[in-house]
Structure formats: C-alpha cells, structure tokens
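Engineer: One structure follows; several queries about it will come next.
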C-alpha cells in the first residue's frame, strides 16, 4: 500500500508487489529513462546514440488498485497485474513512447554521410483478471500494448484515443570526385516515417466508454472472445494513421576526352504517404455514438452480430495513399560524336527530359459480421463510400438518407522532352554517298516500324533499303571502273554546319471510381426514413453493388440507382525544326547545300467509362419509394421484382463516350549546287485524325426471373434504351403505371485518319542525289505520297422493351404513345459498336507508311527501269547478231522485244504495273490501292511517249527542258490519279520520273531500234527483189548470173530455164520470157506467199503490202529459211553501168571493196549493194538529222553502204548545212553527200511509189538542186517499182551531164 499527497515517480524503477493499493495525491510517473552518449572515432566520425535506461516496471502478482489525483504518465513503462485492476485516474492517462536511435556523421575523402535512425519503444499494460479503469481526463495510448485478460471497462470523461507512435529516420549523403577526365557529384536525402500502432487485446468483453470521442487510429482492438463495445458521447472515429516517405537525389557526371566530352545531370523527388488502417475484431462489435461514427480505411468485423448506432451520421469511407514524383534528366555531349550512319559530328547536343506523376489510391473500409447480422443506424445520413458492408445473415441500414457510392482514384502523368543539336557534321555526299546514307536510315526505320507493329511500313522501308544498297553498289562499281560523263555516279565528302531542335509534351489524367458493395447471406434492407424535411428520405446507390437473397430498398422519397463515371483525358503536342548549310567536294567537284525542316502536331482525347449499379437478389428485390425511382445506368436483377413507386419510374441506359482528335504536319526543303549542276527539293505532309464513340456497354433495366415482376408506378414509367424483363410466364408479369413512354438510344462509332503529302524537286545539270525528285539529272517532278485513309463507321441501337405481361395504364387520357407498338421482346436489345482506336498512334503510323511507300516507290520504279533498260539492250544486241548472220525472222523477234522493253512498251509497263501493285498494296493497305498503284504505274509506262511529247512541247514553248520534264511528270501524275487514285498518282509519278525520266540511253536505243527495223525492211525487200526478179529492169539480162543457194546449176541466157527457191530449175514455157519487162513466174510468187499468179509485168510489181509482209518476217524459202533468200540477194552483182561483175562475196574476194565514182564521167555511177550493212558504221551514222530534228535510219543505212563502196568515213553535216553528210576521211575527204529516195519505213517506200509519176517533175527539180549543192547525190532506187525505176532512169538521162556525174544509183 502506498499513499502520498504528491507525486509517485517510478522512473526506471523496478517495483514488485503481491498486491497493490497505490494512492498518489498528484501524478503517477512510470517512465523508462533514456541516456545519450557522444562518440568520435579515429577517422573523425561522430555518433550520438540514445538508448533506454533500466526499464520502469510495476509488477503486481495479485490485484491492484491505482488511484491518482493527477495524471498517470507512462512512457515506455510496463504495468503488469496478475489479478484484477481497478484504476481511478484523476487526470489524464498518457501511455507514450521513448524514442531511441543514433545520429551518425561520417566524413570521407569524397563526401559526407549523415544518418539519423530512430525507433520507438511503447508502454505496456497487462492485466490477468478483469479491469475497471476510470479516467477523469483523456486516455491516450500511442504505440502501446494493452492486454485486458478477462476484459472489463475502460471509461474516460474525456477522449479515449488508441493511436500510433511515429518516428522518422533520415539519411543525407553527398559525395564527389574528380579523376582528371572524369568527375561526379551526388546528393541524396531520404526521410522515412515509421508508425507503431496501439494494440488492445482481451480474453472477454471489453467496454470502451468516453464522455467525448473515441479514436482508434492506426491501431487494433482484437478480442479472443466476447464483445467489443465502444460508446462515446461524441464521435467514434476508427481511422488510419498516415506515414510519409520522402526521397530526393541529385547527380551530375562528366567525362572529357581528347575529342569529346559528356555531361549528365539527373534529379528525382518523390513523396508518398501510406495509410495504415485500424482493426476492431471480436465475437460481436457494438459501436454507439452521440454524434457521428466514422470508419475510414479500416475494418470492423465480428464473428456474430455487429451494430453501429449514431445519433447523427455514420460514414464508412476510404483512406488514401498518395504519391508525387518528379524526375529530370539532362545529357549534353560536346566535341566528336556520331552524326548518324557513317557520318560524325563536332559540336554540341542536348537532351532534357522531365517527368511528373501523382496518384491517389483509396483503401476501402470493411464493416461486417462473419455469421451474424450487421445493423447500421444513423439519425441523419448513412454514407458508405468506396467500402464494403458484409454479413453472413442480414444487413440492415436505417437513416434519414442513405448514400452508397464510390471513391475516386486519380492518376496524373506528364512528360516533357527537349532535344537540340548544333555543330559541324562530316559525312558522305554525291549520289553514291546519298544512297549509302539512305540505306542506313531506311534500315533503321524498318526496325522502328517493326517495333511499332507497323508491318507494312517495315516491309516498305526494307524494300527501300535494299534498293539503296543495290544502287549504291552499282554506283561504287561504276566509279571503280572509271565511269565518266554526265551520267556517271558521284561520291564525295560533305561538311555541314547546322542545328536542330525538338520538343514533346504529353499528359494523362485518369479517374477511376471504386464502388461500394453490400453483401448479405440473408436479407439486405436499406431504409431511408427522412427527417421531416421535404425531398428528404432518399436512397442513392451509385456505381455500387448490393447482393443478397432478398433486397429491400425503402425510401420516404426517392430511390436513385445510378452509375458513376471513370474518365481518361490525354493531351500531347510536339514540334521540331532544323537547318543546315554545307560544302562538299568529290568526283563532281565542289558544291554547296542548304536545308531546313519544321514539324508540329498535337493530340487530345477525352473518354468517359460508365460503371453501372447492380442490385442482385437471388429471391426477391423490393423497391418502395414515396417519390421517384430512378434506375439510370443500373440493373435490378432478382427472381422476383416488386416495385411500388409513388412518383415516376425512370429507367435509362448510359453511354460510354470517347472524343479524340490529332493533327500532324511537317515540311522541309533544301538545295544543292555543284560545279556540274544543282538541284532543289521540297516535301510536305499533313495528317488529321478524329474519333467519336458513344455506346452503351451495359444496358440498364429491371430483370426478373421465374417469379416475374409486379411494378406499380403512380406517375410515368419512362424507358430510355432500357427494359423491364422477365423469364416468367406472362401471367406473373404486371406493370401498372399512370403513363408509359419508351425510346431507343442510338450508339455510334466513327473514326477517320487521313494523311497526305508530296515531294517535289528538280535538278539541272548532273544531280548529286540518289533519292528524291531532285535525284534525276536534268529533270524533276511532283510526287504525291500514297494517301493514307483509315476510317470506320458503325451504328447500332439500344432498344427499349417490356416483357410480355399485363400493362395497366391508369391515366389513359395522358398516354401519348401507343402501347400496342411497344416492343415486348426483352432479349438481345443492346446493339453494340466497337470503340475507336488510338487515332494519334494511327496518324503516326500513317506518316511512317507514307514515307516508306515513297522511298520504296522510287526504288521499285527505278529498279524496274534499270532492269528493263538492260533487257532492251540485250534485245538490240541480239537483233544485231541476227542481222549479221542473216536470220531476219529472229531479227524481227528481237526488235519486237526491244520495243516491248522500251519506254511505252508492254513488257516494261507490265513489270511496272506489278511493282505499282506491290507499293500501292503495302502503302495503301488494301486491294483497291494495289489495283490503283498497278493502274497508275502501268498507264504511266505505256503513255511514256505522250509524256515525252508534252515535255518537248512545253520545253519548246518555255525554252527550258527542265520545265518540260516537270510538266510531263505532272501530267503523268494527273493521269495516274484518274485511273488509280492516290496510289495511282504516286506510282505514275514515280514511273515517269525515276523510270522514263531516268533513262539516258532511251534516245540512242530508240534510234538503233528504228534503224534496225529499217535495215530489216530493206534487207527483206532486197531478198524479195532477188526472188521476184525486181533486178531485171536495172541490169542487162546478159549480165545476170544468179547463184543458187544450194549450189545447184546456174541459169543463164543460154539455159532458158529459171530458178525457184527450192533450188530446182523449172521448165521453160511458151510465152514466158526473162527480160527487162517481166518478173519470175508463178512458183516464185507462190513461194513469196503472193498466190498463184501468172507471169506479170513490171507495172504490176510487188505491192507495198507484199513488201510489208516480207518485212514482218513472212518471206521464207521452201525450207522456211529467210536468211538463205537474204544471202542470195546480197550476192547480186555490183559495179558501174551495165557491165557489173559477180559479187566479191561469190568469188572469195573481200566484200565491200571500194569503187571509184565517175569523177567527171558523163553518166551516173551505179552501185549494186549486195553486202549487209556494217552495223558499227550504221550506229555511228544514225544520229539526229539537224535539218528535221529526227533520226533518219534510211539515210544512215545508205550512208553506211556508201562508205563500204566508196571508202572513207562520213559524218552528219552540221546544222544549217544544205547537205546530209560530209566525208571526213578517205579518197573523197571533204566532199559532201546529199541523199534522196532513202525511206525509213516500208510504208514510206510504198507512198513514194504510189505518187512517183505524178511528182516526177518536182522530184527532178529537187534532184537538180541537190546535185548543184552537193558533190554526190546517191539515189536508193531499190524501193522503187520497175515502172518507177524506168521513169527515174529516163529522167536522169535528161539532166545536164555535169549533174548526172554527181548521181549515184544504189540498186
């Protein structure tokens, strides 16, 4: 027994007693003292350590009675009572903690570490028996452990608080170092709060009574058996204690080398709070409050019945965890660095990133009974927010107003990034360098597209990369082989100075509604009684669920079952710009260049996602409202539904919505100027996307099972995209309402993403580029990108219905809709539509695909053009070889192939169409764009000739071939658009520019093809002449000697037989002659395919159609070999006048021996051309005739023959000259030649023959003029009919002898 008038101080005392009767007149102190020591180590580290001294213990083996006139102070002290405890504290009873820890500072060579680590030791009360504790003031326990073995009562006139003790530990550190070329500095700060809650335990019923408030904060009341009863005159607060964690860091790193340096700076600031909720657990729990009961982020649970009764409000809500984070990162490089690909830079680059994020997360409360009932009564409002009420049996909530709704989680994220780069860059230039650079960039782009799941763009980038590798390789090989000239590839080194900047900002804000739930194994009943105020007595359940066997919602006024809404808002923007100027030096000399580009974009999206309320009863759901009942964004599901609505019944579905929009645009251009030429280019892109979605995800309605529905509504029943349904027999369904209105909800989904762009460019002289419109020397164009269009539209209807059953309209005079038209099928009512895709990502992928398609389009068109050029060259070479060996059928076939592979040819166009289909399909993503690409490419290739005409016409008008070429490209683009849309326009432009416009050999090859065709026609006609006897009229019959191809006997004037093509002599028939006025007979003509003609005179001749047939390869001998006939024609006599000798080809002499012109003779010189034309000479001479601006293959062939027989070398006379050719070497050096009668085609020859007699006088006048101006005037008479030849010879005989001496007749 201890009785004092003053204080009893048991600080760090150890008191033991069998029983205790302590009466302190003032304070009772049961503290454990602390002690602090200070230490300094050898290395200078300091330590201040606080520890507990001897523990303060008051140990009573039996019963204890403690009475104080003042406070009972207990800090880390221990009260242990083996029996019963009877305490009467006159003041406050404070059960606190003592804080211990160590503050340590360590100084190192590279920095300082400052740590302060703390912990708390709480007080304890352990009672083996029953407890009867009365406190005249407040009872406050922080971080304490209280164990009331057999329960009892704890009562205070003031507040009773079971709370958490808090300690904070901090770490502060900094370090730095410098190693010459490397340095760093870093600082770190961390502060962590630790909470130690109070724990109250007991073995039997414990009563906690307060004259004011009861607070259980971050603490636990846990009874093994018995009930936990909390009764307060004020509030009862069961809540969470919040601990805070802070982390801050700063770092800088730098590295410097001989040629480069790097600096990195980063920071991180993070703060988070964590709510530690409370727990009250016992067999049964009863909480009573004279004011409010607040359960926040905590759990109140009993094995049996749990009851909460408050005179005012009961709030069962959430606690919240929060976080805020901010990071920065800056990186700066200076000096030598990679410039991308095979280039390097010297300069500065900077990267700055900032990220911010924050969040609020709700922690639900749970109040309930495991196998008993849960009863919650509030005099005013029962509010369940983001929390759960649960009972194994019944849940009953009664209040003036009841709100069961959701708590809102929020997240915010924001990112910013800025980059800049400036300095000098050294890289490859020239066409080969450009191809290499683009191959690298396209390869990287293909990888990025694949990462972005853009397979089409990845494939197109890969095609472009492969093409760039191939073009670069071909160009490099050509350079190694010593290629020269305007079309030769180039390579060089470029040094440029420039800068670039980019920025990006994005943010996303989300709200997520965490609904409440009420779950009962038996009945769930919510009753809103109202408090006598009008419009009071409401039940509102928002975005939450009620589940029970039977659910009853009874409201004095309204029952509101409504949805909640999640939101998601995103915003983004970006911009970039750059410019550079440079100087290059390479195989094309010295050049300068400049470029600039700019881009910007933005995107926004707002989404709303609805969360329906659900009332689920396995048996019966009952709704009774004195006013309206609103089932909006909610569902009532039960086996049987009973509703008695004193106002209106409104049932409506709500739609999820998404509205999004994005924009992106870019533009750029540049120019290059070198010693060999220059070029300029410009490109632009623009994209817009938008999406709009509104759709009912979950239809609202009242759904009954086999029990049916019995709904009575005093006012109007309105269904908006909603239903009252049942699976029961119609006899169990009844709707009685004043009036009934219904309507449907239209759902829709629309999105559209469109991207368009173009590139334009031109070059003069020799281009130094490998990619883009300015890469084609001396040309240019405008190439549209393959238009990107992704869109979708869907619509559907959410219908209203009432299942079959009785519908009773109690106010028929007010009914406006015909109930007979009501939809009675309450199944499959919700027509859904798909949500819109991410339009901003779609826009980004479209831009990528457009760029990839443009790059690949050039590769494919240009590659096919190169392939076709090669095929054309191969066919020309094969045609020449066939001519050399006399195989005219094969020659014609190869000429046809060369034409087919030429610009405008079918083979080239077919292959371009295939390439167009590939690029159009991949670029546009559909069969239609593939068809469009094929149509545009094929049409552009087929109409290459028309484009050339446009180019020449515009070029002539403007005086600029470049303008003409651009006009041709624009025309091709328009034509492609007409036949193939966007893909057609893009591919048509590509084909015109990179195929037809990039074909430097086409003019020469076309001349060669035309010349070969002319040679073929001439040779075939000569073969026809030999077979048909056309020679007879020009050479005396006595001089004709024909070499039979198979070596058979000769036919001569002494042997009046004649020869057919099978090598056999035919018997002479009466009336048939061989002479100047007749041709060979029927067998010969039949062999020509001319039918069974009798002997005919020269006036009939062989028609132009016959010659055309010969020229097309129809002329064959009996064995099918045209070459034999041709060889026979070649072996005709040649010479001067009428005394020709046998061809050298038949006598073993060198073919092509020279003869001398008449040189003053009074008669024309006659040449019988028998040898094939020398193709090398023909190619040299077949150039544009400046007088007419065209190729003249007829003149070229005749000139080659003239060289062969007269010797020397001819060349085209310069523009303005009145003659065709001039000898530049040989015996006639310096003399001029002016040809006549040298048709280029069989059709021209036929026309000459048709009108020769009528135009003879004009012809002879022209002949006289030519003979007066030129030294030689060759006349190719081989294409004239016999009658016209006779007229020509007679007319020449009438000319002055001086002029006749200049004439050379070619036969």
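Numbering starts at 1 and runs along the chain as displayed.
Quick reminder: no glycine exception, Cβ is built from N, Cα and C everywhere.
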Engineer: Which one of these stretches, 984-987, 988-991, 992-995, 996-999, shows up in Swiss-Prot as motif 'ELYN C-terminal motif'?
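Structural biologist: When 984-987, 988-991, 992-995, 996-999 are checked in Swiss-Prot, motif 'ELYN C-terminal motif' belongs to 992-995.
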Engineer: Which residue, of the active-site residues 1195, 1220, 1234, has its CB surrounded by the fewest other CB atoms within 10 A?
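Structural biologist: Output over active-site residues 1195, 1220, 1234: least Cβ neighbours within 10 Å is 1234.
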Engineer: Restricting to the chain of residue 1266 (active site) and a gap of 6 or more, list residues whose Cβ falls under 8 Å of its Cβ, or answer none.
Structural biologist: 1234, 1236, 1273
Engineer: Residues sitting near the compositional bias 'Polar residues' (508-518): Cβ under 8 Å, six or more positions beyond its termini, same chain?
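Structural biologist: Distal contacts: 318, 362, 364, 384-390, 395, 397, 404-414, 524, 526, 542-548, 564-571, 611, 613.
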Engineer: To the nearest whole angstrom, what is the C-alpha distance linking residue 1220 (active site) and residue 1195 (active site)?
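Structural biologist: The separation of the Cα atoms works out to 9 Å.
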Engineer: Residues sitting near the compositional bias 'Low complexity' (317-336): Cβ under 8 Å, six or more positions beyond its termini, same chain?
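Structural biologist: Beyond its ends, the compositional bias 'Low complexity' (317-336) has Cβ neighbours at 239-240, 242, 257, 259-275, 277, 294-298, 344-365, 383-387, 407, 514.
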Engineer: Mean pLDDT, the region 'FHA-2' (1-251)?
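Structural biologist: On average, pLDDT over the region 'FHA-2' (1-251) sits at 97.
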Engineer: What counts of helix, strand and coil residues does DSSP assign across the compositional bias 'Low complexity' (317-336)?
Structural biologist: 0 helix, 19 strand, 1 coil
Engineer: Need the DSSP three-state call for residue 1195 (active site) to compare against my parser.
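Structural biologist: Its secondary structure by DSSP: helix.
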Engineer: Look up residue 1220 (active site) in the DSSP assignment and reduce it to helix, strand or coil.
Structural biologist: coil
Engineer: Per DSSP, to which secondary structure element type does residue 1234 (active site) belong, with helix, strand and coil as the options?
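Structural biologist: The three-state answer is coil.
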